[in-house]
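According to Swiss-Prot:
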- 105: N-linked glycosylation site (CARBOHYD)
- 112: N-linked glycosylation site (CARBOHYD)
- 317: N-linked glycosylation site (CARBOHYD)
- 402: N-linked glycosylation site (CARBOHYD)
- 459: N-linked glycosylation site (CARBOHYD)
- 531: N-linked glycosylation site (CARBOHYD)
- 698: N-linked glycosylation site (CARBOHYD)
- 747: N-linked glycosylation site (CARBOHYD)
- 820: N-linked glycosylation site (CARBOHYD)
- 882: N-linked glycosylation site (CARBOHYD)
- 938: N-linked glycosylation site (CARBOHYD)
- 1007: N-linked glycosylation site (CARBOHYD)
- 30-91: repeat 'FG-GAP 1' (REPEAT)
- 365-417: repeat 'FG-GAP 3' (REPEAT)
- 618-678: repeat 'FG-GAP 7' (REPEAT)
């Protein structure tokens, strides 16, 4: 291998990706985007394609995969170790892992093996690196099985594994050489042998070669099993000398090779194809034997290639016709593919390539399975994951690129069969090239482990398969499907334990090629919550929408996109990272490498409870140029503290480099404010300002600080704060003492805690109804360095100073509050979606003295969510665990009434049977116990949740004709003799947020006339796995499918009207199906129209009605009226039937016609129609 110039890799303290980023343009929390460490390498080597944080006894490192290192020829790929936390910057070092990554006893092809494209750390120390395009040669075929290596903590390859298989393209080749004196020069024959043998993979389980030389006698130069490698055979072949002799006994040489060289004693293998290559330069002296010798070779299936060297004839100017015909007769059929001739010995090397290709073609025929690949092209190691017990290796190329997951544990390797991951629907329409194993992961649940694999090309929309390992067998539990064709749903999987209880809380599934509204590859991440052994959809995450502009002519474009495709590919990398913001919950980082015209960006989402917050906490853009540095966010890892500050750091890779971002500590700052006096009493002035008496107030503001990561240590913080008086008013009613300003700004250094005092005075204003709000805003003096403020806590504090109570001349205010409540619904709430609203109207009235700080407190059941308020007259509501609404603040006067509405929405995570609300009205004023009974109201309203499903029905036939002249068969031997088949299909598809309940589907159809004649005959039904239909006695009740013969009587004629009135008189059969909860349920019923009944019946046309009725088995989960029933009408008509009109109809019609004629004649007579005016004129 030609030595290659090592890539120039330098570590710089400032991340070169972020030089062009302005801090203000990105949402920032506690990942430091200014002071980072970067590692750069050639973009053409894909340096940065994978990254992992790593620690061993030598120190802390960033491991970086570079799958195409070795440009421009070998491109084996490799892994670099990049030191961090050292006093001085040190370069990254290539580990040269492919050199020691090897599988014994195979001919390896490491070029383009993309080693380092998969890189995962081992929880027990060391790491795993894979080259999914590693191949080995089997004959002339290259099998891309992929390979993975366990690397020790000291960066040494411990062992390598790949699903290599024994080559089944084996050949036993015996070369029969003419060594007579006429062969000249002999060196040309040896050169021919060398060129031919170099092209063969020689070994005990591959091709074996033996050489026989003949002239007057036959010599075995070496046997088939003599040498076990190509190199050994070449050495032996170079030592072969010419035997000599005056005669050429070709038939003897061939027959000896057949009888002796192809025996097991000389290394021939049973069942292996036999090949003989005969090289000669003249006619044989025993050609009379050739015909029988060749027939014996044919009988033993020996393929023969014959080579005629014409040098002796050309040098003697002799005719070659007879010689060529003899050598052609030796070759196997077809002769044109098995016979060669060369002008002389020197020209032998010119046919080596063609001869080799034709011999190699026999290898392919020896392995008939080569047409359909199993693990030969598996690309094992395309993805990898360490679970508790198993190492999971994705093998996307297995089974004709359907893919599989190789499970390895210690020395055990489980390679699932092609059908192992096929679900029942998939067997009917087997997916091709679904790439199962594109990514793999696992989830830990109490007492078990779930294994997860993605197949992004399944059914073109993608799928995720969840399964368990039970005694080495795979048991599929669930599949999750994508929603958009080509989105690559399932190409990225990550599981995460948010609350650190050792059990998985979420599964995140990436669909990085999800198309946005403008056909840009926006990308999408689906979040699923773990519920026992199943995953339930929770939410979707999307990036900032990218504007795709190929030309600046578009007015909305501000920057032209130079790179295609446009978009973000959000979800290309999804990493579960340890608690970044030190809030006790683990976090998620998602890469969007195509953002900003292929520069790339990442998004950080903080964990909360058992899920993540839907809004991202921080977006880190690359700032790269999209060429020398691009696809920032291609790889992410954040598991370790690499600089010793106790905080998790994040490593982000792209093509051309990687960056290590340090996390900043989180400062917890809490502020309290107290006032003396704590109420404003205008009647009691306590100071003079500018010669006027007024009310002065002393404010004490205390700051308490600590670091989240070091709560027990003393922390000193430099803060800047600003105090604003009467902050709710545009014009303030108070100023700070000694100034005429409502605002002051100061700096303070706080060591654990510190209190300061400020005084202010009230202005002579007449508006003293609303309290005075004092607002204190604070921030760190240097927000770009050191810790950051906790974003879970406010950096603004508000306190209200109320005015003194107005109770007239009384010292005590005795209020009497009443609370009246009404709701929009009283008897039953039907909830159709989480956006449905439920209003509660509250009326608070004070029948006593002024009630100060009047408020209503609302407690509600967890199936309700506070949405907002309407029509409130004063102030507003706050919602924490309870809803507290200030009513008439600061006081509710005597006789005053306030009415407002509280609006609720429904929490789809808690489906309770009742909506329960407890409301109370209270104040800071006194109220007698006997008047408190009207201060509280309890509401309990039953709730039902309308499941958003879709209920479809269809039939294969809607009209069937019965010929009038059709005859009734004497016997019914099979269902084909009964009549037309009608297939009825029912589909129930889940929609909406509510879970699917257990359902009951009742399918009714007319099966017998009133006289007991069959109408529709059920021959069977089928359904999805979650459906169970009964009774089975309805299925083929006459047993016709079982071979029972049925005799039909032709003499009977149905009473008139029996069929015509079938809708009301026919007997009805009902199939009842129980449906377990599923996103999709299907039931198909096959019915036969019993034609003998309709042939003997009198009718022209009628409808048969089939009814499907759906019912929920859960009293809380109901169905909408539009999704409960479905009816299908099948029209039956009789063709060519003459109409038979009743006699009374004929007589009545004749009488009516005569009566009408008489009336017409009478009318004409009355108007003189029958008089002749001309006759009267003549008479006159």
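Our numbering is plain: 1 for the first residue shown, then up by one each step along the chain.
Keep in mind that glycine also has a Cβ here, set from the backbone N, Cα and C atoms.
Nearest in space to residue 882 (N-linked glycosylation site), taking C-alpha to C-alpha distance over the glycosylation sites 459, 747, 938, is 938. Around residue 698 (N-linked glycosylation site), the same-chain residues at least 6 positions away in sequence with a Cβ under 8 Å from its Cβ are 675, 676, 757, 758, 759. In this structure the alpha carbons, written CA, of residue 820 (N-linked glycosylation site) and residue 938 (N-linked glycosylation site) are 11 Å apart. Fewest other C-beta atoms within 10 Å: among the glycosylation sites 317, 459, 531, 820, that description fits 317.
Distances between the Cα of residue 1007 (N-linked glycosylation site) and those of the glycosylation sites 112, 402, 459, 747, 938 are shortest for 459. The Cβ of residue 938 (N-linked glycosylation site) has 11 neighbouring Cβ atoms from other residues within 10 Å, across all protein chains displayed. Secondary structure at residue 459 (N-linked glycosylation site), as computed by DSSP, is helix. On the backbone, the CA of residue 747 (N-linked glycosylation site) and the CA of residue 531 (N-linked glycosylation site) stand 50 Å apart.
The separation of residue 459 (N-linked glycosylation site) from residue 531 (N-linked glycosylation site), Cα to Cα, is 26 Å.
Ranking the glycosylation sites 105, 402, 459, 938 by Cα distance from residue 317 (N-linked glycosylation site) puts 105 first.
In this structure, the CA atom of residue 112 (N-linked glycosylation site) is 73 Å away from the CA atom of residue 938 (N-linked glycosylation site).
For the glycosylation sites listed here (105, 112, 402, 747, 882), the lowest count of other CB atoms within 10 A around the CB belongs to 747. Rounded to a whole number, the C-alpha distance linking residue 402 (N-linked glycosylation site) with residue 938 (N-linked glycosylation site) is 60 angstrom. The CA atom of residue 938 (N-linked glycosylation site) is located 81 Å away from the CA atom of residue 105 (N-linked glycosylation site).
Residue 105 (N-linked glycosylation site) sits 39 Å from residue 459 (N-linked glycosylation site), taking the C-alpha atoms as the reference points. Within 10 Å of the C-beta atom of residue 1007 (N-linked glycosylation site) sit 19 other C-beta atoms, taking all shown protein chains into account. On the 0 to 100 pLDDT scale, the repeat 'FG-GAP 1' (30-91) averages 90 in this prediction. With DSSP states grouped into helix (H, G, I), strand (E, B) and coil, the repeat 'FG-GAP 1' (30-91) comes out at 3 helix, 33 strand, 26 coil.
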